[in-house]
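What Swiss-Prot annotates here:
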| type | residues | note |
| --- | --- | --- |
| BINDING | Gly79, 82-83, Thr87, 89-92, 107-115, Ser119 | 5-phospho-alpha-D-ribose 1-diphosphate binding site |
| BINDING | Gly79, Asn110 | anthranilate 1 binding site |
| BINDING | Ser91, Glu225 | Mg(2+) 1 binding site |
| BINDING | Arg165 | anthranilate 2 binding site |
| BINDING | Asp224, Glu225 | Mg(2+) 2 binding site |
Amino acid sequence: MLREALRKAAAGEPLSEGEAERALETIMEGGASPEATAALLTALRVRGESVQEIVGFARAMRRFAARVRAPEGVVDTCGTGGDAKGTINVSTAAAFVARGAGVVIAKHGNRAATSRAGSADVLEALGAAIELSPEQVSRCIEEAGIGFMFARTHHPAMRHVAPVRAELPFRTVFNLLGPLTNPAGARRQLVGVFSAGYVRPMAEALEGLGAERALVVHGRDGMDEITVTGPTLVAEVGGGGVEEYEISPEDFGLSRHAPDGLLGGDAHLNARILRDVLSGEERGASRDVIVLNAGAAIYVAGKAPSIEEGVRLAEGSLESGAALAALERFVRVSRRLAGRGA
């Protein structure tokens, strides 16, 4: 099967969803050489991955994932990463603000690849236990209302791909698959992407994979989040189609900020900024971008009828202390489940 997929990809022909799915199954079963895997990923990158190929790859990767139990309506705020902007960990912080507003979160994430601090790095710096088993994550979601699924732990078959990805000097389809392969099966998502060109394709892929409601976003400043420096492109999935529009911070009563106000650093600095926002000590650009993204997550969860109402609930989560309490409970529960004490 992989040989035929390679032939078609090398000829510039698109793979069907089923062909892409079977090709990745072969790779993740260890049935492909590193050279064949690299050739396929390179050919797809040169031509540009189609929505059908992305969906097929995601279906295969989901099948090999270590599953996590979570209630209906659970939300993920995992993005693609890779915007190389050096900003704070917005989606990680937004997850705790949304949790403080009553949203159940199954956060999928990893260590940094192109930035200095990924979600796993920051959560670890905050004191959380991040390398929990699928059963432990399921219990964490049940007890704390939020769980973190470390990609390396929950996608063990990626060991057949990781060395090849490390050798290739460019992004591949796998940079898109993280948000599409949540091990808890989240069907409500806020997904940031690193390029405006992927906003609609990712939304169409999510629709093809059965998303109930999702927002795919890309800041005009290049952020893979909803930005507060200017407009953000949005593709919304839900209601039987994909709707594209643009939003700005002023639409939600928030200020526009200079890009420098969103800069972070290593995991420890980003963890400190996250905690400062959640505790109410930081009220500038960092707070506003976290509130806006949390508001979008609250809307995606169905807890608010609009992003604007979601932003109001996000502000309430911060002001009441619920967001900080959500972080502290997550750290405490994750450590106990990992056997590290409270």
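Start at 1 and count along the chain as shown; that gives each residue its number.
Cβ atoms here come from the backbone N, Cα and C positions, even for glycine.
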*Out of Asn110, Arg165, Asp224, Glu225, which of these binding-site residues is nearest Ser91 (5-phospho-alpha-D-ribose 1-diphosphate binding site) by C-alpha distance?*
Glu225
*With H, G and I counted as helix, E and B as strand and the rest as coil, say where DSSP puts Ser91 (5-phospho-alpha-D-ribose 1-diphosphate binding site).*
helix
_His108 (5-phospho-alpha-D-ribose 1-diphosphate binding site) - helix vs strand vs coil (DSSP)_ = strand
*Proximal but sequence-remote residues of the same chain as Arg111 (5-phospho-alpha-D-ribose 1-diphosphate binding site) (Cβ under 8 Å, at least 6 apart)*: Gly118, Ala120, Asp121, Arg152
*Is the residue listed as 'anthranilate 2 binding site' helix, strand or coil when read with DSSP?*
helix
*Alpha-carbon distance [Gly79 (5-phospho-alpha-D-ribose 1-diphosphate binding site); Asp224 (Mg(2+) 2 binding site)] in Å*: 7
*So of all those binding-site residues, Asn110, Arg165, Glu225, which one's Cα sits nearest to Gly79 (5-phospho-alpha-D-ribose 1-diphosphate binding site)?*
Glu225
*Under a three-state reduction of DSSP output, how is Glu225 (Mg(2+) 1 binding site) classified: helix, strand, or coil?*
coil
*asked:* What's the number of neighbouring CB atoms sitting within 10 A of the CB on Glu225 (Mg(2+) 1 binding site)?
replied: 29
*Could you work out which of the binding-site residues (His108, Arg165) has its C-beta surrounded by the smallest number of other C-beta atoms within 10 A?*
Arg165
*Which one, from the binding-site residues Thr87, Ser91, Asn110, has the smallest tally of other C-beta atoms lying within 10 Å of its C-beta?*
Asn110
*Give me the Cα-Cα distance between Thr87 (5-phospho-alpha-D-ribose 1-diphosphate binding site) and Asn110 (anthranilate 1 binding site), rounded to a whole Å.*
16
*Pick out which of the binding-site residues Gly79, Asp224 has the most other Cβ atoms within 10 Å of its own Cβ.*
Gly79
